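> So Swiss-Prot has the following annotated:
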BINDING   Ile91, Glu92, Ser93, His231, Glu232  substrate binding site
BINDING   Ser93, Lys94, Arg260, Gly261  NADPH binding site
ACT_SITE  Cys192  active site, thioimide intermediate
ACT_SITE  Asp199  active site, proton donor
Amino acid sequence: MTHNHDPYSDAQALKGLTLGQATQYQAEYDPSLLQGVPRKLNRDAIELTTELPFHGTDIWTGYELSWLNGKGKPVVAILQVHLDIHSVNLIESKSFKLYLNSLNQTRFNNLDAVKDTLTTDLSQCAQGEVTVKIIEPKHFTIERISELPGNCIDDLDIEIFDYQFNPEYLLDSTEEKNVAETLTSNLLKSNCLITSQPDWGSVMIRYQGPKIDREKLLRYLISFRQHNEFHEQCVERIFMDLKQYCHCAKLTVYARYTRRGGLDINPFRSDFEQAPDSHRLARQ
């Protein structure tokens, strides 16, 4: 598997994105603001075919959802969106933010009308299955802060000199003994593919198979620090690298990124379990 070729340098699908461009904000409903990015761009580079070796979802949380009710009174809510990974496109985050802003001065008669509109528009942009949940203020208390389950590997006392992405940190990183364990790190950091702005995240790796050397795993995760790719693409890359180099029999990779523009993205990929309930982390 090659990781050196840049699949994005000549990608026409990235040329017209509003991301990284000066933008005028629209306050009235405009679904054309949504922009999709083909998942195929990254999946070709890591040799993923239409028969994906995992299932999963991209879990979005929107903290700045607002519209007007039938009488023109503002309403606020928290948005949760689950986007199935078999969709043709992922949703570009700045366009998602601009689209949500376009609801701010738009009247809806009830909550179902908002939900139906969001479901239709996001599904059309992604060309795939989307599930929308709208959390009203009276239910905000269920949005508790939690931690990713597992053993955090961040306290390992290692010295780092190289911050370039390098999957070969995982070479010869396993023992003969088979284990079932869950490891976490809060040190995941990559950069936006278009703007190079930092993306901060926490990641959970749950696997069954040969025991992975935790120091080598941490070095690998830290090597994303100057890597330019979207959140969803980074998680799929981690999944494929762990499968290739560590020979995991069962594997889940779940990352929760800090929010930008009122939105956070939390990609979940697994070949043996379903996505957990979405609970924000302290940094979100």
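Using N, Cα and C of the backbone, Cβ positions are placed for all residues, glycine too.
Since we're looking at a predicted model, the values are computed, not measured.
Walk me through where these features lie, including what they touch and how far apart they are.
Secondary structure at Glu92 (substrate binding site), taken from DSSP and collapsed to helix, strand or coil, is coil.
When Cβ atoms from all protein chains are considered, those within 10 Å of Gly261 (NADPH binding site) total 15, not counting its own. In this structure, Gly261 (NADPH binding site) belongs to neither helix nor strand by DSSP; it is coil.
DSSP assigns Cys192 (active site, thioimide intermediate) to coil in the three-state reduction, outside any helix or strand.
Neighbour count (other Cβ atoms within 10 Å of the Cβ, all protein chains): 24 for Asp199 (active site, proton donor).
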> Cα of Gly261 (NADPH binding site) to Cα of Cys192 (active site, thioimide intermediate): how many Å, rounded?
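With distance taken Cα to Cα, Cys192 (active site, thioimide intermediate) is 14 Å from Gly261 (NADPH binding site).
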> Cys192 (active site, thioimide intermediate) to Asp199 (active site, proton donor): how many Å between their Cα atoms?
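Spelling it out, the Cα of Cys192 (active site, thioimide intermediate) and the Cα of Asp199 (active site, proton donor) are 6 Å apart.
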> Given that the record lists Ile91, Glu92, Ser93, His231, Glu232 as binding substrate, what is the largest C-alpha to C-alpha distance among them, in Å?
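This binding site's residues have a maximal Cα-Cα distance of 11 Å.
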